[in-house]
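Below is one structure, written out as structure tokens; the observations come after it.
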Amino acid sequence: MDNSLNVTYITFGGHVEVHKYRYLYFVIMFKLYILTISCNLTIVCIIVIHKSLHEPMYIFIAALLINSVLFSTAIYPKLLIDFLSEKQIISYSACLLQWFIYYSLLSSDFFLLSVMAYDRYVSICNPLHYPTIMRKTTVNILLISAWIVPACQVSVPMCLSANKKICNFYLKGILCNSTVHKLHCVTSRLLNIYGLVVFGSAVLLPVLFILFTYTRILVVSYRCQGVRRKAAQTCLPHLLVLFSFSCLIAYDVLLARLEIDFPKTLRLIMALLVVIYQPLFNPIIYGLKMRGIYVHLKMLFCKRV
């Protein structure tokens with residue numbers, strides 16, 4: 001607590017031998033950050049430039065990659081600063097802001113993945129009605145909702161936490177995630193219940209919806225041999241992203257509610273995976289598995305060679 005400035009600071013205690021390996025951490029994370037931003041923006045630019053990719057499926061992919069850029073930009077700079085700092089600290093207000101951006105963008109990912117699943121469902125199961133259902137207005141509404149709805153959901157616990165008295169000034173992690181609630185002097189039952197409700201609506205419901213839509217797609221593709229290849233090309237990368245992403249988010253959200261004392265190294269690895277995996281592998285997965293994007297990527301790099 002800085003009394004002169006009346007600012008409350010939180011110490012991150014999740015770094016492993018940061019004073020010994022600070023420059024190694026910094027170089028690795030800085031390279032990953034540049035690679036993440038470059039890969040995502042490259043595919044986004046390809047989708048924007050080529051009119052043949054101005055379809056709902058590719059527009060939703062571009063939105064997902066833009067979300068990854070925003071997420072990485074909100075997390076990486078603070079991590080890089082901490083690696084080079086003597087003390088890994090953050091003000092409580094900045095911590096709440098990071099927490100808000102962290103979970104609102106993660107929730108947006110699930111929303112966008114659900115929209116992409118619905119788009120594939122309509123395209124494969126109801127191709128004749130696809131132009132009518134997935135109109136430009138519908139796509140715009142879904143895109144706007146993908147960022148506004150999660151932000152509204154996460155803003156409620158953030159505002160409630162801002163007025164809570166804190167007695168603990170030490171976090172076991174390297175960023176402000178669900179463990180922020182452990183800083184409060186008194187655990188709020190209302191916040192815990194609301195958090196579970198948001199987790200159910202932002203994570204569980206989208207996952208169930210995606211599994212349902214892909215089950216229907218697999219049934220239709222099994223009956224109709226002509227759409228099997230199309231279903232495999234568009235659904236497989238989506239399922240890979242969903243499975244890995246769901247496992248990491250489940251660990252992250254349940255971390256604050258489990259009394260298990262995980263090893264410090266394991267906490268660091270899992271926290272870095274949440275930060276690194278989704279934003280970095282989204283453009284790789286969609287760039288290689290989506291033929292429309294892969295063709296333009298191949299042309300781009302072949303010209304340069």
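Glycine is no exception: its Cβ is also placed from the backbone N, Cα and C atoms.
Positions annotated as transmembrane segment by TrEMBL: 23-49, 56-76, 96-118, 139-156, 193-214, 235-256, 268-288. Residues annotated as domain 'G-protein coupled receptors family 1 profile' in TrEMBL: 39-286.
Within the chain carrying the transmembrane segment (23-49), a Cβ under 8 angstroms from the stretch's Cβ atoms is held by residues 58-59, 61-62, 65-66, 68-69, 72-73, 76, 79-80, 83-84, 276, 279-280, 282-284, 286-287, 293, 296-297, 300, all 6 or more beyond its ends. Counted over residue pairs 6 or more apart, the CB atoms of the transmembrane segment (56-76) and the transmembrane segment (268-288) come under 8 Å in at least three pairs, which marks the two as touching. Below 8 angstroms of C-beta separation, residues 57, 60-61, 63-64, 67-68, 70-71, 74-75, 78, 90, 142, 145-147, 149-151, 153-155, 158, 161-162, 175-178, 180, 198, 202-203, 206-207, 209-210, 213-214, 238, 241-242, 245, 249, 278 of the same chain, each at least six residues beyond the ends of the transmembrane segment (96-118), sit close to that stretch. Counting residues 6+ beyond its ends, the transmembrane segment (193-214) has Cβ neighbours under 8 Å at 107, 110-111, 113-114, 117-118, 120-121, 150, 153-154, 156-157, 160, 178, 181, 235, 238-239, 242, 246, 249-250, 253 in the same chain.
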